[in-house]
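Listed in TrEMBL:
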- 117: active site (ACT_SITE)
- 182: active site, proton acceptor (ACT_SITE)
- 115, 148, 210: Mn(2+) 2 binding site (BINDING)
- 148, 183, 460: Mn(2+) 1 binding site (BINDING)
- 224-381: domain 'Peptidase M20 dimerisation' (DOMAIN)
- 243: site 'Important for catalytic activity' (SITE)
């Protein structure tokens with residue numbers, strides 16, 4: 001059906017091989033079974049944010065482990081201990097799955113990362129269906145976790161299962177890292193990865209499918225994301241709030257200082273005013289610029305979704321450049337100032353401004369922090385204020401960038417062309433994907449973000465969904481990818497051996 005639709009849309013398909021055709025047919029015939037599995041997983045309220053649902057997350061991990069074991073995988077549920085909540089309560093962390101299937105030395109080993117915990121969801125939040133009952137409406141499968149991330153995890157497992165069901169030789173060896181705390185910050189995961197380096201010793205490639213396409217219909221592969229440096233700037237004049245009639249006009253008010261400081265950070269065009277902040281931003285190459293030209297991105301729809309009348313830039317290319325490969329600074333709020341309805345003539349004793357910088361690859365977090373502190377101290381000193389200034393960076397997540405010419409991306413591009421009939425967009429993400437940076441830093445392996453969800457899937461939002469088309473075709477594209485990375489890996493090794501012998 002999907003192939004027919006593509007032909008009707010005027011797309012040219014890269015013809016699947018006889019083996020791929022057999023695999024795709026099996027997936028089409030068994031799509032109802034795959035949707036039934038997703039329904040079972042979505043029904044588990046594996047919300048890792050709310051403490052009273054932790055037991056459901058642990059149950060979800062057991063379900064995922066059982067599913068891998070049914071494939072014939074060796075499954076190790078690694079205990080991470082517990083963590084302490086702000087109220088002092090100790091809560092058990094769900095175990096992390098380390099799974100392994102196949103040890104053929106002739107095959108490449110691909111490690112897949114996914115998570116099976118979800119964001120909070122309630123029907124009364126504005127869902128048109130029960131968030132934990134997978135419901136199909138007009139070809140869309142609605143349910144919390146459908147696209148983030150239970151659907152993609154199951155699509156990968158479905159693809160592996162298809163080879164097993166057809167009694168086909170596995171083209172790659174598989175390893176799995178599946179966790180249940182991603183939506184709560186992946187507590188304990190980095191330590192686990194560092195302590196299990198031997199698990200990754202024979203891994204050639206790592207694939208993460210935990211993000212979305214940029215378009216509703218055109219596939220994409222993600223090769224980078226911005227980081228996030230969060231700052232607090234605190235100004236304090238004393239130990240108590242003051243009456244503006246008694247003290248207004250005779251003291252240096254902290255809020256006035258803070259507003260001046262925040263106003264010095266960015267200009268009306270969005271350019272960051274902190275000296276030196278752009279010094280390490282890599283120059284745009286012609287090769288990279290060309291990637292932006294063919295990207296499918298509906299600028300008007302993006303503007304409508306934002307609810308604003310006008311963006312800072314008017315072209316698709318400029319918008320994407322400033323979302324992905326240039327840093328941005330956003331001011332988020334002020335703590336300590338009166339913010340409720342009505343008038344309160346008080347001078348707050350202490351106020352805290354909150355802002356963040358989405359930094360891009362090659363920007364050093366420690367350097368960014370130093371530049372921010374020096375700039376704010378310079379602006380503050382010119383005000384001759386006796387108030388106390390303190391600048392801190394409580395959170396700093398690094399950016400991530402990889403090479404689109406890596407074999408992983410070439411194999412995935414071929415698989416996408418076979419299944420979807422067109423080349424994918426190569427995209428970055430304007431937000432932060434800590435898990436990608438974590439895996440690349442700890443394992444030092446080739447890594448790729450391989451989404452199958454569409455831009456309108458509504459991850460973290462009401463009415464989250466994945467379309468039946470994306471779920472089933474996503475299963476096919478993963479299966480095709482297994483074949484492509486196997487072929488490409490063997491070719492690279494044969495070429496390398498030939499050159500060595502010569």
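Each Cβ is built from the backbone N, Cα and C atoms, and glycine gets one as well.
Averaged across the domain 'Peptidase M20 dimerisation' (224-381), pLDDT in this predicted model comes to 95. Less than 8 angstroms from the CB of residue 115 (Mn(2+) 2 binding site) sit 149, 153, 178, 179, 180, 181, 182, 183, 186, 210, each of them six or more residues away in the same chain. Cβ neighbour count within 10 Å across all protein chains ranks 460 highest among the recorded positions 243, 460. The two recorded residues, residue 148 (Mn(2+) 2 binding site) and residue 460 (Mn(2+) 1 binding site), show a Cα separation of 8 Å. Residue 117 (active site) is surrounded by 27 other CB atoms, counting those within 10 A of its CB over all protein chains shown. Counting in whole angstrom, residue 460 (Mn(2+) 1 binding site) lies 12 from the residue listed as 'active site' by their C-alpha atoms. In the structure as shown, the Cβ atom of residue 210 (Mn(2+) 2 binding site) sits within 10 Å of 22 other Cβ atoms. Within the set of recorded positions (148, 182, 183), the lowest number of other Cβ atoms found within 10 Å of a Cβ is recorded at 183. Across the fold, the C-alpha of the residue listed as 'active site' and the C-alpha of residue 243 (site 'Important for catalytic activity') stand 49 Å from each other.
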